[in-house]
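*Asks:* Quick one: this structure, given as structure tokens, is what I'll be asking you about.
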Amino acid sequence: MARKMLRDGETEAYDYDLFVIGAGSGGVRASRTSAGFGAKVAICELPFHPISSETIGGVGGTCVIRGCVPKKILVYGSAFRGEFEDARNFGWELSEDINFNWKKLLNNKTQEIQRLNGIYKRLLTNAGVTMIEGEGKLAGPHEVEVTQPDGSVQKYTAKHILIATGSRAQRVKIPGEELAITSDEALSLEELPKRAVILGGGYIAVEFASIWRGMGATVDLFYRKELPLRGFDDEMRAVVAKNLEGRGIELHPQSTLTELSKTDEGIKVVTDHGDVLVADVVLFATGRAPNTKRLNLAAAGVETDKTGAIKVDEYSCTNIPSIWAVGDVTNRMNLTPVALMEGTCFSKTVFGGEPTKPDYKDIPCAVFSIPPLSVVGLSEQQALEQATSDILVFTSSFTPMKNTISGRQEKTVMKLVVDSATDRVIGASMCGPDAPEIMQGIGVAMKCGATKKQFDSTVGIHPSAAEEFVTMRSVTRRLTVGSKI
């Protein structure tokens, strides 16, 4: 029997101290940090492929292979269209005939995610983690069954099992749904669409609308609410919507799709308002669901909620003391850096002798639309809902210096939300160029409990957009407890 991590007179009983199912961001981080504490660790993952299924995936997971990283590469590629337009007023005399080679970008994107896949494998190897290729599922509270690519089945025992299988894109149940694609396929299309229809109002929908429009496609974006990006600050949502329209994207609020059918001209799209469009591609960006269906959770009695997410406590432990879960599979805060945090906290708790709860307060995030939106802390609406004292809102809307020359009619908007009783900055948001880079620094300040007075006493960097965050002196509005926006 293999060595295990011994504690206070325990006897050797398991193949591993920790077995991790799923080598995405959370699983890899938990494996490496647990091994760093001296644990004997194994991790299993499906074979690599850019488009996932029930039998293919890859070390690195959604973010690296079919999520954040390839998406950001395409955002970079699509942004050049606007840069070419803006360059003319800066003296660049560009030919009207500027060609875009989609296949070249697609190939370079695929090479990059293959490179990162290799890096993640080396990180695990260098940490002393045993990698096993195949589909893992529970066989009991301390046992994992792995079906390898050749169909053979191996069983492994572990004192602790960590589930980190992430989530998968969902499809809307309408006639012709099989004609639509999800974000997985959208990142690997063989041909760039000329006409795209997107269903969804979340960050994935908004980002792909920006990507395809930036690459020259006509884009129609359908969503159920009045504004896209439900859950974000309402004022910022309106700014994003205006920017999308300004970039040539057709918005269809309070609307959805009811039927898809294949025709000689393309995919026929019917809306709930009776409108008909024809598209080359239809993207369902309608949410993701925890990837738990094939884990055989019942074998160990692991509980899930109505969405299929694994229920965990504050330390990421399930109702079974030996089984834990981190990342999107728990449906807490579904962001890659959050999965990394949860994985680190898990290893500290279980193997580091330092019980650590993940801290979900003031986590910054970004929507990589063009231009991007980034936020940290509470929105204006959330602050008012939680308020025990008046809320002070400071805003700034201005034309970035670059746009004053280029002529682009697009403003940058910034906001600070302040608790009047403590003067603490409890929310910040920005829509404009470089917003995520700026907001990361704001996030550090807020994590340290920065006050508005401290923001005001900070000397700005000039000329920059970021300096607006330390020069907003006048209150835009004061919200009293119990009032409605």
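Heads up, the Cβ atoms here are built off N, Cα and C, so glycines get one too.
Automated prediction, rather than curation, is the source of TrEMBL annotations.
Pasting the feature list from TrEMBL:
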DOMAIN    16-343  domain 'FAD/NAD(P)-binding'
DISULFID  Cys63-Cys68  disulfide bond
BINDING   Lys72, Gly136, Thr165, Gly166, Ser167, Asp328  FAD binding site
BINDING   Gly200, Gly201, Gly202, Tyr203, Ile204, Ala205, Val206, Glu207, Gly287  NAD(+) binding site
DOMAIN    363-472  domain 'Pyridine nucleotide-disulphide oxidoreductase dimerisation'
ACT_SITE  His462  active site, proton acceptor
*Asks:* In Å, rounded, how far does the Cα of Ile204 (NAD(+) binding site) sit from the Cα of His462 (active site, proton acceptor)?
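*Replies:* On Cα coordinates alone, these residues lie 34 Å apart.
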*Asks:* What other residues of this chain sit with their CB within 8 A of the center of the CB atoms of Gly200, Gly201, Gly202, Tyr203, Ile204, Ala205, Val206, Glu207, Gly287, the recorded NAD(+) site?
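*Replies:* Going along the sequence, the neighbours appear as Phe208, Pro228, Leu229, Ala285.
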*Asks:* Based on Cβ atoms within 10 Å, give me the single least packed residue among the binding-site residues Gly136, Gly166, Gly200, Gly202, Gly287.
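*Replies:* It is Gly287 that, of the binding-site residues Gly136, Gly166, Gly200, Gly202, Gly287, has the fewest other Cβ atoms within 10 Å.
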*Asks:* Measuring CA to CA, name the entry from the recorded positions Cys63, Cys68, Lys72, Gly136, Gly166 that ends up nearest Gly287 (NAD(+) binding site).
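*Replies:* Nearest in space to Gly287 (NAD(+) binding site), counting only the recorded positions, is Gly166.
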*Asks:* Based on DSSP, tally up the residues of the domain 'Pyridine nucleotide-disulphide oxidoreductase dimerisation' (363-472) by helix, strand and coil.
*Replies:* 37 helix, 33 strand, 40 coil
*Asks:* Select the closest residue to Gly166 (FAD binding site) from the following recorded positions, measuring between CA atoms: Cys68, Val206, His462.
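*Replies:* Of the recorded positions Cys68, Val206, His462, Cys68 has its Cα closest to that of Gly166 (FAD binding site).
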*Asks:* For the residue listed as 'active site, proton acceptor' and Lys72 (FAD binding site), determine the Cα separation and express it in whole Å.
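*Replies:* Cα-Cα distance, the residue listed as 'active site, proton acceptor' to Lys72 (FAD binding site): 28 Å.
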*Asks:* Is it possible to get the count of other C-beta atoms within 10 angstroms of the C-beta of Cys68 (disulfide bond)?
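*Replies:* Counting Cβ neighbours of Cys68 (disulfide bond) within 10 Å gives 17.
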*Asks:* Using only the Cα atoms of Lys72, Gly136, Thr165, Gly166, Ser167, Asp328, which the record gives as binding FAD, return the largest interatomic distance in Å, rounded to a whole number.
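*Replies:* So the maximum pairwise Cα distance among the FAD binders is 30 Å.
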*Asks:* List nothing but the largest Cα to Cα distance in Å, as a whole number, among the residues Gly200, Gly201, Gly202, Tyr203, Ile204, Ala205, Val206, Glu207, Gly287 that the record says bind NAD(+).
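*Replies:* The widest Cα-Cα gap among those binding residues is 14 Å.
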*Asks:* So of all those recorded positions, Cys63, Gly200, Gly202, Val206, which one's Cα sits nearest to Thr165 (FAD binding site)?
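*Replies:* That would be Cys63, nearest by Cα distance.
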*Asks:* Based on Cβ atoms within 10 Å, give me the single least packed residue among the recorded positions Lys72, His462.
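*Replies:* Across Lys72, His462, these recorded positions, the one with fewest Cβ atoms within 10 Å is His462.
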